Protein chains: 2
Amino acid sequence: MAVGPETLPEFHPVAGLRLGIASAGIKRPGRKDVVVFELAPSSRVAGIFTKNQFCAAPVTLSRRHLAEAAPRYLLINTGNANAGTGARGLRDAEACCQALANSAGVRDVEILPFSTGVIGEPLPVQKIVSALPEALADPREDRWAEAARGIMTTDTRPKGATRKVALGDHTVTISGISKGAGMIRPNMATMLGFIATDARIAPELLQTLASELGEKSFNRITIDGDTSTNDACMLVATGQYSGPEITPDSPQLPKLREALESVYLELAHAIVRDGEGATKFVTIDVTGAASQQEALDVAYTVAHSPLVKTALFASDPNWGRILAAVGRAGVENLDLEALEIYLGDVCLVRNGGRAEDYSEARGQAVMNGEEITIAIDLKRGNVRETVWTCDFSHDYVTINAEYRT
Amino acid sequence: MAVGPETLPEFHPVAGLRLGIASAGIKRPGRKDVVVFELAPSSRVAGIFTKNQFCAAPVTLSRRHLAEAAPRYLLINTGNANAGTGARGLRDAEACCQALANSAGVRDVEILPFSTGVIGEPLPVQKIVSALPEALADPREDRWAEAARGIMTTDTRPKGATRKVALGDHTVTISGISKGAGMIRPNMATMLGFIATDARIAPELLQTLASELGEKSFNRITIDGDTSTNDACMLVATGQYSGPEITPDSPQLPKLREALESVYLELAHAIVRDGEGATKFVTIDVTGAASQQEALDVAYTVAHSPLVKTALFASDPNWGRILAAVGRAGVENLDLEALEIYLGDVCLVRNGGRAEDYSEARGQAVMNGEEITIAIDLKRGNVRETVWTCDFSHDYVTINAEYRT
């Protein structure tokens, strides 16, 4: 199940980035489960990683390699997360990097590894290494759609976004893919995102963009409140376009940033739309907060409430559950008389209780839609935060009760 | 569905406390939905209430009345929570208290009102008032079992506990009932608990006991992380037993406290066992924490993880999900190499990864049970906290998707 139509675009190739795909048979024979990004030497890479303290071996190693060298390859496998695997996990991730480095003629620190899948099983290094020749045999710029499929786990559909944007006289291309359907929550989740552009971007600016855009997109989505051990979202700038280097002072920056942001949001929203068992795409929009923390506390408390989520699944305008979630979000001294809660454009709560002009029919009309906005105005300040989530359905339970069997 | 057998005891009557039950037809005609506790003038009452800021009108009014006078009656209705009802809700709760006060010949401040049920609908005051003559017609000390049924909402079975304890030469009686099956979480939930003893207990000590015992029992259970607007747990001491007043220095206090604690725990655990859709009773036991806060953060993060809860439902020893939940609980600088995680007596995680002697068969054997303990030793200090929860099943979704329809 997923919300809305499948919308994998016709990807624009990104000059300087070639993709290879292979079957290592990690979980199922024949399934494409290894993806390699080959980056031109002019490339720069920045990213953000999971904040889960039990971060997986590939996350530890990618962070380390990123600090030591400019990456030439990203190596992604599905079917096994190489997480909760202790010291052996780190050695296994290193072995995969070393094998790819040997085959490609680069140093191992120039490889960034990414793994997603089941936690706690040893990484099948030999299977992955055996698949590398296939992954390196035919690297091409036009294999984005294959790559989008190659990084899927419980995803029901591939996720991608692509743009061409004129920056003055030069055209810049942006393409990206993402994966993830469960264990999705702020600060990343079994969520991977790879966004690439052929723009040339100053290194520090690239990290700033990777951090800020990731924060407001991938770190603002939640399916179930669980944060994976393996999340990563990488921004690659191959530097192969014809224009000048983009710096914090470049007049082109706002337009580039806007285009990148729309790709980040599209990829992050695609994960929510494909949330495990999702039937609704839900925007939680908190305004009038006194601080970012309280805005996020309220947004996530509503987004994670199983009672709100099951009501959304049932298309039940059970506004009392939304109100109760706001009330328990830990914000001190809420002004219950002042705050307002809306479902779409229908006011649910005003003056401390149900809005006078609310009717079940009006609430129901909003709830019947596939895309629903819950807007909460705390009337305490000027801070706004938005979080995206989905509902909680029978299929979520089925998927997660049967994942390993 | 519920975990374990139904175990409503043969209640011991508590001298000085009589119970009346009536049908007001609030949600369904004929259902017993009004319960009245009549307390002898010698009684003292203390309690704890929801911390949800959108607390319901009856909570506001009970707090106020409790501060003004010694209660003579508790008035409980199901079917309507009188929450999210603004100023009208308060007037409605007052009207019910006034009507009972008039009938019983006491002052309205001597009545404590409690409501549970759907949020946001106006309280049907007239129905409740019309049921009061029935509720007051035949108050008896032996109607605890009827009262336990009379306060049920989505509960599948009544909940009660009872004790007789010798304190030196005097025997003290304790009986209690509770209700709640969803929206249960620390700091109360659509959870009501009424515990009564015929002991005479000094007023300040009574409040201390009500707070401390409630904190370690009703405030340590969670079904779904949602906190209701209406929770309350009241401790009544009628003072009718033959012994002396119990004060903080009384030699009888430890034994009384122990008996009360076991009643509190039994009533709180009964709520978890009857959790909406529950098939497992799960104890989350965190030891070795550096502070109470981090112990609770870890315990609740595991207890609320939908991935852990669906794995419990599937009897799947998916220890990676437990590990991931511990890792995202927000405890800084966890010593991943030192901490240990157990499922029952089977070690899952040691030395930063899966324990060497772990096997799927051993994990599965524990998971197949109905009562499961997840023990997490953080190896950072000496603080221990225990939280009780249940699994997350298809029935949870069904119950909460269909509650209002």
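Backbone N, Cα and C atoms are what each Cβ position is placed from, and that goes for glycine too.
Taken verbatim from TrEMBL:
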- B:Thr190: active site, nucleophile (ACT_SITE)
- B:Thr153, B:Lys179, B:Thr190, B:Glu276, B:Asn400, B:Thr405: substrate binding site (BINDING)
B:Thr153, B:Lys179, B:Thr190, B:Asn400: the recorded positions whose Cβ falls under 8 Å from a chain A Cβ: B:Asn400
Among B:Thr153, B:Thr190, B:Asn400, the one of these recorded positions whose Cβ has the fewest neighbouring Cβ atoms within 10 Å: B:Thr153
Close binding-site residues near the residue listed as 'active site, nucleophile', where close means Cα within 10 Å, chosen from B:Thr153, B:Lys179, B:Glu276, B:Asn400: B:Thr153, B:Lys179
B:Glu276 (substrate binding site), number of other Cβ atoms within 10 Å: 29
Secondary structure of B:Asn400 (substrate binding site) (DSSP, helix/strand/coil): helix
B:Lys179 (substrate binding site): secondary structure state under DSSP, collapsed to three categories: strand
Other CB atoms, at most 10 A from the CB of B:Lys179 (substrate binding site): 26
